[in-house]
Amino acid sequence: MSSHSHDPHILCPHCDLLVTLPTLKYGQKANCPRCKSTLTMRWQEPRRRPVGYALSALFMLILANMFSFVNMNVKGLTSEITLIQIPKVLVADNYASMASLFMVVVQLIPAFCMLAIIMLCLPVRLPGRWNIRIAWILFHLKAWCMVEIFLAGVLVSFVKLIAYGEVGIGTSFIPYVLFCLLQVRAFQCTDRLWLWQQVSPAPAIHQPLKVGQSGLSQGLRSCECCMAILPVKQQVCSRCGSKGHARKKHSLQWTMALLVTSVMLYIPANLLPIMITQALGTKFTSTIMAGVVLLWGEGSYPIAMVIFIASIMVPSLKMLAIAWLCWDAKSSKKVDRERLHVVYEMVEFVGRWSMIDVFVIAVLSALVRMGQLMSIYPDIGALLFALVVILTMFAANTFDPRLIWDRSGTFENKEKFDDGQ
Ligand SMILES: [Zn+2]
Ligand SMILES: [Zn+2]
């Protein structure tokens, strides 16, 4: 029978269509002919490239933690912070939860992911099933790398502070920007399909495959973690050990439960203050909306727009979109699936960016500590808001996008392939 050294078939993780992967040229990517999501991309030097980027990223991260990150000067008083001081200040203010969140998504997870990419791409075999475990963790943690969002938060804080004093960047700032770019690039050129094939070959399938039909109609499912094609009856993947079903179990119930919880938290997150500003003896609190109004009033229109879109529009639209997806997956009406899929992709992509305001508060409260002159502290609203973002991210994660396509039957145009650049 066939040796399956390279499995040319794949079940689209977004719409469950069985597709034959064409032989790709370097730099070419294969898109799903039905839902248009990218299935895989072929890179030149799939080993050396990610390792190079990941190694340089780690080196930059070390540099970024060694020196001062940003500084501020108000009327002769200077305040300077390093990256590591940001969580320390938050812990001192009894916001240990926000400090840990910050440490985890801005430093620990990205650093771990870079290490994981290096270990997996180098042709070394770790003892036991360590390679598989590391790959499993890598692909589960990827969405929680928020380096670029933090960096955007730092820039927004700069604009907010310009009105009060001089802000400047420290020696560590440029290395952190480079770390951000390099880690994005390292993720980009790590091909999931190729990497899993290196870690362990895909399990063989002992039944004929019907290209252009859904996996479900043939009794097949795609492993959510390693993308191997498995019989529906087999609940534990023989390659990566992930447990799974043909469709995420109780997907709609979970999504709805998380959604309702996040809506309930979203109301107080908007009404309660997110930070306390103490300046020259006066103390005032501000909510998310008040922050936007203040920025707008000061004439920083683009930043006011960014914060308004990221903190108010995106979370509300995201909740509406998730509710719409759940409602549609249940109804039997015929809808434009492609448009619905675009909604899903957008929800997945933009959701993390709402975290920007939380990072702004973290930076502001760490940097602006000048006693009576001016001090900024986080407040309960910020914590609630962070929770809302995390919950909606989980809600989007528990939603199974394949439910959108399940009622559409076979796909006619099975031979056509989209070749992107
Ligand atoms: Zn698809
Ligand atoms: Zn698997």
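The chain as shown is numbered from 1 upward.
Cβ coordinates come from backbone N, Cα and C, glycine included.
Whatever TrEMBL says is automated annotation, not expert-curated.
For 51-70, 98-122, 134-155, 161-182, 257-281, 301-328, 349-368, 380-399, the entry in TrEMBL reads transmembrane segment.
Between the transmembrane segment (301-328) and the stretches 51-70, 98-122, 161-182, 257-281, 349-368, Cβ pairs under 8 Å are most numerous for 349-368. Using the rule of three or more Cβ pairs under 8 Å, pairs at least 6 apart in sequence, the transmembrane segment (51-70) is in contact with the transmembrane segment (161-182).
Counting only same-chain residues 6+ beyond the ends of the transmembrane segment (98-122), those with a CB under 8 A from a CB of the stretch are 46-48, 50-51, 54-55, 57-58, 61, 65, 83, 86-88, 90-91, 131, 134-135, 137-138, 141-142, 144-147, 150, 179, 183, 186-187, 190, 195, 198-199, 355, 358-359, 362, 378, 382-383, 386. The stretch in closest packing with the transmembrane segment (257-281), judged by the count of Cβ pairs under 8 Å and taken from 134-155, 349-368, 380-399, is 380-399.
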